[in-house]
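Visitor: Mind having a look at this structure? Questions to follow.
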Amino acid sequence: MKFAVLVFPGSNCDRDMYNAAIKSGVDAAYVDYRETTLDGFDGVLIPGGFSFGDYLRSGAMASVAPIIKEVKRFAKEGKPVLGVCNGFQILTEIGLLPGALLHNDSHLFISRNETLKITNNQTPFTHLYVKNENVVYPVAHGEGHYYCTDEIYRELNDNNQIILKYTNNPNGSYEDIAGIVNKEGNVCGMMPHPERALETLLGTNSGVKLFESMVKSWREQNV
């Protein structure tokens, strides 16, 4: 398995994503936003940061980058796509995930570890976790308030698309939502950073199982 780690101007978690992929026992390579193909890759990781300086709004300018057309094709083919923080914002901007990310209720940038609950462990991103297991991931965002309409929330809930919730909502996210998947289950977006949760020495290794879940799921289907 080989992950593509997308890199936009202003990305600052691309190395963390790359490291997470390598640590999970597979290959990875950086892919510039100006590229137009993802041939040779089996999964896509869209990192956090401030793509294009967050001008217009978070993820808006990245949503029209050349590589995005290929990301959409990749997702349509059922291949795994993970977007974290700014990556989640990009996935909502391009319509691969519903809802939007707004300014935190506090209007402050939040940077700390948060305890979250795995609400669905039947996805390629979470199946090595136990349902309702508490995990600790760092958060680092100013626009992490997940918003959706009541109708979209009902759909997310009915389709079991909500995979991660805050136990102590730091940003005002609707119904404590921290991470979701698309209806097909192969596209995942979350505001917390599992790629920064790989080492107990640094505070938490809760993120290891997310990347190992992705790899195990892919191998079960392709090897």
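Every residue gets a Cβ built from N, Cα and C, even glycine.
So Swiss-Prot has the following annotated:
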DOMAIN    3-223  domain 'Glutamine amidotransferase type-1'
ACT_SITE  Cys85  active site, nucleophile
ACT_SITE  His193  active site
ACT_SITE  Glu195  active site
Visitor: For Cys85, His193, Glu195, listed as active-site residues, tell me which one has the smallest number of other Cβ atoms within 10 Å.
Guide: His193
Visitor: Check Glu195 (active site) against DSSP and tell me helix, strand or coil, would you?
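Guide: Looking at the DSSP assignment, Glu195 (active site) belongs to a helix.
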Visitor: What Cα-Cα separation, expressed in whole Å, is found between the residue listed as 'active site, nucleophile' and Glu195 (active site)?
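Guide: Spelling it out, the Cα of the residue listed as 'active site, nucleophile' and the Cα of Glu195 (active site) are 11 Å apart.
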